[in-house]
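Copied from TrEMBL, the annotated features are:
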- A:142-558: domain 'Aminoacyl-transfer RNA synthetases class-II family profile' (DOMAIN)
- A:Glu175, A:Arg221, A:His449, A:Arg492: L-aspartate binding site (BINDING)
- A:199-202: region 'Aspartate' (REGION)
- A:Arg221, A:Asp222, A:Glu223, A:Gln230, A:Glu485, A:Gly537, A:Leu538, A:Asp539, A:Arg540: ATP binding site (BINDING)
Number of protein chains: 2
Amino acid sequence: MKRTTYAGLVDESFVGQEVVLKGWVQKRRDLGALIFISLRDREGIVQLVFSEEFSADALKVADEMRSEYVIEIHGMVKARDAKAINADMKTGKIEVEVHEASILAEAKTTPFEIVDGVEASDDLRLKYRYLDLRRPEMQRNLKIRSKVTKATHDFLDEEGFFDIETPYLAKSTPEGARDYLVPSRVYPGSFYALPQSPQLFKQLLMGAGFDRYYQVARAFRDEDLRGDRQPEFTQLDVEMSFMDQEEIQELVGAWVARIMKDAIDVDVQPEDFPVLDWAESMARFGTDKPDLRIAYELKDISPIAAKSAFGVFSGTIENGGVVKGIAVPGGADNYSRKDLDKLTQYIERFGAKGLAWVKVTDDGFNGPVAKFLNDQHDEIVAAMDAKVGDILLFVAAKEKVVAGALDYLRRQTAADLNLIDENKWAFAWVVNWPLFEYQEEDDRWIAAHHPFTMPNVEDLHFLDEGEDPHQAHAQSYDLVLNGYELGSGSIRIHTMDVQEKMLKALGFTNEAAHEAFGFLLDAMEFGFPPLGGIALGLDRLAMLLAGQENIREVIAFPKNASAKDVMSDAPQPVAKQQIVTDLGLTAPVYAENAGQPNMAEE
Amino acid sequence: MKRTTYAGLVDESFVGQEVVLKGWVQKRRDLGALIFISLRDREGIVQLVFSEEFSADALKVADEMRSEYVIEIHGMVKARDAKAINADMKTGKIEVEVHEASILAEAKTTPFEIVDGVEASDDLRLKYRYLDLRRPEMQRNLKIRSKVTKATHDFLDEEGFFDIETPYLAKSTPEGARDYLVPSRVYPGSFYALPQSPQLFKQLLMGAGFDRYYQVARAFRDEDLRGDRQPEFTQLDVEMSFMDQEEIQELVGAWVARIMKDAIDVDVQPEDFPVLDWAESMARFGTDKPDLRIAYELKDISPIAAKSAFGVFSGTIENGGVVKGIAVPGGADNYSRKDLDKLTQYIERFGAKGLAWVKVTDDGFNGPVAKFLNDQHDEIVAAMDAKVGDILLFVAAKEKVVAGALDYLRRQTAADLNLIDENKWAFAWVVNWPLFEYQEEDDRWIAAHHPFTMPNVEDLHFLDEGEDPHQAHAQSYDLVLNGYELGSGSIRIHTMDVQEKMLKALGFTNEAAHEAFGFLLDAMEFGFPPLGGIALGLDRLAMLLAGQENIREVIAFPKNASAKDVMSDAPQPVAKQQIVTDLGLTAPVYAENAGQPNMAEE
């Protein structure tokens, strides 16, 4: 029997029609002479009715059916009695009287029920991922992801982009995170690296004259995992020639608008995306990826604090620090001392020594430090744009500490008090980034974006001998959505003289630069066009559009927090022959008498 | 200046319009007061004219221009004088008078000219791939490839397939070719494998209820390279539930027709694709991927040969062999003894001991063995479907040797005599394959397709205890185009009892089967739908559609014959710290005093 439609699509328009449906048994209600089966497929659930009246044979088969059995049925769609109508179900006005039925596959009891909001540990969900993915929510998540890529293919194809694949067995490059390596059998002791991005290849494709390239590209980073990181992730990667930053931002905006429309039917106006200077974003929000759904911003009260009776404030200013704060609307009644102690504790991780807070009341400030601040009450209220009922949270420290702490406090308080409109899609561009960024751990300057980022034209001279390159800003642009960085783009350097200066500023000797990027430097000598691009993180974008909080929810087969696929149990030891003989490597498990299990060894 | 159109698109419809063009200098003709520049971009070439009359400044800039310089110009499109019209060029009726010009990037002399039919070694082309890719032919090749994937996205999306990504960091599986391995840092001594196909994952996605999945998936095999192999290659991979073989073939046919239409504007009728039984294909063409553009087929003259005066023929039959031949139209006049000696020599590699040939003339057979065969002249001519002017090529040996040799001879002679219509697209389905295939090197039976292939229903009993599983045939289907295997598909096993029997027949102990495929066997216990699919080789498909003979021509950055990227020089030794400290491995170059160069070591 050939399926006529999906179970989840059978609505009242099918009444009186015969249908063949195939899918999974969601639930079975056995009334003896009458059996009800909820049949599930990827589009939804429909109610089947088995009875002797319709088919004694089918009823007998239904008697055997259990949850998650795979079945096929042939039946007639009937309108339900008025009292049996389920208004919450798309198929709730009808049911299917079954005339023929068969079981295509049986099922054991599943380790968790196949429903949304399942109570199962993450590892259990991952181990039985093929069952977890049956849940309607996971089906929807991956469907949205699929629509994001389809919208991308459609839009970029219409705009004249070619879909070009770049290698996954590539060269290890010295910048960036730790590479995943792939040992070579032909050259023992040599390794390919799985790319952290197609960056060099896409620049070369512009040098090759393709003009507009895109790729849905997998990328790999062997980093310690966090909530929103995976060893492999996917980029919607584009590069184009002969376009300036403004033109690229315009095109990317239109692309993102298309994705929003096609994937979740939301209209956004890219011409209205705010464009924030990086420095402005840091000043107003304490972060380079501000969540613009939150109305209140960081306010600098340093000039007031300098004259403050509160020693912590005035002392901080004297020592070259700043005092900034946020006014959280309605916070006065909603934060207990205990809550505030918790917030204080949390911001210690940003280096903040403490949190100063006052509640704004009709009778002036209220709280432990109110007595020091009430003298400047009106000045502070004006600077903070505060009103009665607000709580004011201040951090006094070095600029960077204040930014980190207040960015956190802004997002946390907005979440606590439900001040974020979950139906809002707040895009923004953050532009004009510093070209370099200081890395404290290694006490060195690294490229803020990557070593191929073009400085602002008026800043080019900073790369010259005797100047301070770290003052240069870049032709770079990040796209931000609801407080997440969706993608990071820039105009690239396209001439060798600038590229060599940039690499020198990053501490590369001429020799090391050519060892690492020689082929790109070579290519720049043969007529390289002006170029730029961006890569959007597909996982994060799909996560946001699906309303999820972890990218694992939009990846079919993710790794767990220790980079393990707990379903297939990868990684694993493999045959000694392959490691030792073929690749010329020695791994601990293959050392003599290591006594390790080695399943594939003969 | 913002580009107004591509150089290659400026035709007579632009006459009288101002244009801004950006691209590469193809050629420069300097007549002193007049300079002609051919400007190239991805869409083609247009002629620019610089003269004092239009702009003295621009003329001065043009004087600096050299081949492959990147330039931008602003000018006016004019019709050419009648005598200057170049009918071979799309833009040959016009030229652009240049009013403003600037050089965006200079270029050294390129190691080879940027034209089609370039005379450069493969390694030189690969080393300067970014220049090689500038050639119009390579631009066209990758454009066709891009259109193949776009057509795939469009068609499969319309048919309700979800684009779902599966992991590249996966588990090593015991079947198939050698895996590329990726050492794990978290679990030293353990390895991920780069997948040879998404086979297991796509089956699990059907178990997860997605119903229809597709992916443009990279796959990896660490095999010795041949002309049409690369360490990484791309599959157009699909899987679907609840469909039988016929329905899948119908859908795939429609998909391929869409690709042909969208990528190269060719109409094919999938309902007319011949469907050949595997055994029939082997008998008629000596191969399971027949080139149906060649009219002549293998003819079995064993019954005649058994009675032959030619001892080689009769002796072969006595020893259980066969005698088959082909009648090559017009071959009598076109093959010298020397040519035939060469063919004879070549077929030795298939195990053939010799080649018997006769020319068909008005006076009977002609050639060294004609005297033995002329007695049976009419019988042979009838069996071979031969006519005067043909040459008959016979091979007498075991079935398999005869098949290999005559398949070769059929294709070679057709190529020699230009008997192949290059404008024809000969698709075919080859179905009903043996389930197992005997591997001589290892003296064992392996899965002809893969271990998840569903046997024909009437052959299921062959997998039972005491029966001979090697007699079973499979629900499998290969799609063939012009003598190339485009893709290999099958209905999969969806119940554990059959899967376990299959793995047992392949020599897996129960324990080894669960070690290797346990998660799939587990999944089959929780309600697995009937399923099937196919994977088309994108590289080969794009190669054929682009009229190329090597997949390297449709891959932007391929590896060379020793799996090396000669442009970026990958693979390479990497930092000792990463190998030894992070991954816990020992590679020869990091052994004490190995004295090997190690660029990244500190």
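Cβ atoms are placed via backbone N, Cα and C, with glycine included.
All features noted in TrEMBL, drawn onto the structure.
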| residue | record | Cβ neighbours (10 Å) |
| --- | --- | --- |
| A:Arg221 | L-aspartate binding site | 20 |
| A:Glu223 | ATP binding site | 15 |
| A:His449 | L-aspartate binding site | 22 |
| A:Glu485 | ATP binding site | 16 |
| A:Arg492 | L-aspartate binding site | 25 |
| A:Leu538 | ATP binding site | 27 |
| A:Arg540 | ATP binding site | 20 |
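Put simply, A:Arg221 (L-aspartate binding site) is 15 Å from A:Leu538 (ATP binding site) when counted between their Cα atoms. Counting in whole angstrom, A:Arg221 (L-aspartate binding site) lies 16 from A:Arg540 (ATP binding site) by their C-alpha atoms. Here the region 'Aspartate' (A:199-202) is broken down by DSSP into helix, strand and coil counts: 4 helix, 0 strand, 0 coil. A:His449 (L-aspartate binding site) is 13 Å away from A:Glu485 (ATP binding site) when you measure Cα to Cα. Cα to Cα, A:Glu223 (ATP binding site) and A:Arg492 (L-aspartate binding site) are separated by 26 Å.
According to DSSP, A:Arg540 (ATP binding site) sits within a helical segment. A:His449 (L-aspartate binding site) sits 19 Å from A:Arg540 (ATP binding site), taking the C-alpha atoms as the reference points. For A:Arg540 (ATP binding site) paired with A:Arg492 (L-aspartate binding site), the C-alpha to C-alpha distance reads 24 Å.
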